[in-house]
Amino acid sequence: TILFLAWLAGFSSRLFAVIRFESIIHEFDPWFNYRSTHHLASHGFYEFLNWFDERAWYPLGRIVGGTVYPGLMVTAGLIHWILNMLNVTVHIRDVCVFLAPVFSGLTAISTFLLTRELWNQGAGLLAACFIAIVPGYISRSVAGSFDNEGIAIFALQFTYYLWVKSVKTGSVFWTICCCLSYFYMVSAWGGYVFIINLIPLHVFVLLLMQRYSRRVYIAYSTFYIVGLILSMQIPFVGFQPIRTSEHMAAAGVFALLQAYAFLQYLRDRLTKQEFQTLFFLGVSLAAGIVFLSVIYLTYTGYIAPWSGRFYSLWDTGYAKIHIPIIASVSEHQPTTWVSFFFDLHILVCTFPAGLWFCIKNINDERVFVALYAISAVYFAGVMVRLMLTLTPVVCMLSAIAFSNVFERYLGDDMKRENPPIEDSSDEDDKRNPGNLYDKAGKVRKHVSEQEKTEEGLGPNIKNIVTMLMLMLLMMFAVHCTWVTSNAYSSPSVVLASYNHDGTRNILDDFREAYYWLRQNTDEHARVMSWWDYGYQIAGMANRTTLVDNNTWNNSHIALVGKAMSSNESAAYEIMRSLDVDYVLIIFGGVIGYSGDDINKFLWMVRIAEGEHPKDIRLDFRTPPGFDRTRNAEIGNKDIKFKHLEEAFTSEHWLVRIYKVKQLDNRETLDHKLRVTNIVPKQKYLSKKVDKRSFIEPNIQCNFCS
């Protein structure tokens, strides 16, 4: 019942945007996902895999099937197909809009299962309630946010649950289930790299802590081999698991685990002196071979280096210097302290207590959650987008902390079980083979200490602590609802403003402009805009774009950035070379919209500088731009375009579209070269004066002489 209520609360809290506006796709990337899903539902899976999108990245185009993670599209298409089979008529857009809220309930269930394996059922129920409404997860799973993260967090949590289950039982069945869940995660989101590095790190730390067991060997060996084969079936991933640096840690730990198991085998069959000699000789030889092999494979290019996004996780200034297009994305910026409180509220203060409880009562699976928490905290601090990976573990550890407090202060005076302390080491398995799968809470330790501590707790203290905990939870629920309603339920396609009396104004300029493009331009018209709006133009206007949010070709984006930041004559040459018909500009000068192209102008220059460094000129004497705060007027007001003409301006001047003029059939002469003086040398004579009515004058022509 509690899980169902958590699912219902999570689903309902994500519907603010649908209630206030309508069933619409939000943001930028979801528009490409929706367009791809619509193509999949209309033409089938194989046509989707072979789809070449000629309306993107003109004149290059894009092979869609081999450049996307298809899990999101396949999931939505499968649900749409099942509903149609059940005679439930629903548009594919509505399936896409409500997919993330539905999966939020599955995420709550998977979080409950994982937390129950780590601690107990009470902590699992609290964790499910937390993750159902926490803003850090709602920000990427509201209705209309049809993005990969909407289903990927469920796959992430479910994979971790099955991995913990595999380590606790040593069962091949649970490990195969973990591999299937990992395969779904790989098909859904590029964040699967977090899994394929965290699980090997868990195994490596277990080896360092001398907690090696056959269960760990069976679980990781099966997971690595089967998971590797399954992940390579995704066209976009291909051979990356064996050829890229971010996957090498998993391979190294797999080799180390095999060597460790082999040494364990030899230790039982050799004397101590023979084993030490063989150990040092084998380790030295293996280390040398591995070191030389890595150098050779990296030098020959077989193992690809870290990509720019992964480099920026270790060096926060790398992207801004070398790959400015990565740094230009707002979600790639470092996280501020305010963001932690805004997205997690009181959980950011309570989850260290839960981490302390896990470290105090350590076992194999709690080593995993401790590593998960530490690594997620670091990555969330480096990149605000990765707050999404921190949120689940914060909910789990905070639930463990609250669960311990409630068990301590809400119970009666009768005996209660201690926090679980189970040892899943290999020695314990040998002593008690039937105890391979211990439920949290069965093993008791230091009962006398707990009883002594509780003897001094009076009913007043229990009531005060209980009331404080309930007040914190109530404040957390109010904060989550407020943040969801005001911060994360406003689609970027439709803007809203409020008057002094509280009435709301809808600014629908984006859809107005895209609809104008769809209805008033040629079907094959090419539209140039900054890459942020490429997916929306292709999705709503159905027109060809030069660049979009995929950002796979940095030089093409740099060329568009050069055109945007150059003067009209230089930009016109670039637009003519790219066959541009229309230019779409976002202008926020009238309504004060801060996210317009002027705000992004500096990034256009930086990205263009990477490919065209000789075209950058620094002018320190240029006067500052228009200042809305002090009402400073722009210097040159008489701006007239020679090669562009205004084609459309939206109601609030937010979107402006200009048509690129074609070249004239004949070259227009300069004013000085025109015929300016035709002076007759002889006057007109009448018949009375001369027989000739007109004497042909001597015409002077400037361009004939």
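The backbone N, Cα and C atoms fix where each Cβ goes, and this holds for glycine too.
Unlike curated records, TrEMBL annotations are generated automatically.
Feature annotation from TrEMBL assigns signal peptide to 1-17. Residues annotated as domain 'Oligosaccharyl transferase STT3 N-terminal' in TrEMBL: 3-397. Here TrEMBL flags 63-83, 95-115, 121-139, 160-183, 189-209, 216-236, 248-266, 278-299, 337-359, 366-384 as transmembrane segment. Per TrEMBL, the feature region 'Disordered' maps to 417-438. The domain 'STT3/PglB/AglB core' annotation in TrEMBL covers 527-583.
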| remark: Its residues classified by DSSP, the domain 'STT3/PglB/AglB core' (527-583) shows 33 helix, 6 strand, 18 coil
| message | Ranking 121-139, 189-209, 216-236, 366-384 by the number of C-beta pairs under 8 Å to the transmembrane segment (63-83), which range is first? | response | 216-236
| Which value does the mean pLDDT take for the domain 'STT3/PglB/AglB core' (527-583) in this predicted structure? | 93
| Do at least three C-beta pairs under 8 angstroms join the transmembrane segment (160-183) to the transmembrane segment (278-299), pairs 6 or more apart in sequence? | no
| request: May I ask you to check whether the transmembrane segment (216-236) and the transmembrane segment (278-299) make contact, with contact taken as at least three Cβ pairs under 8 Å and only pairs 6 or more apart in sequence counted? | output: no
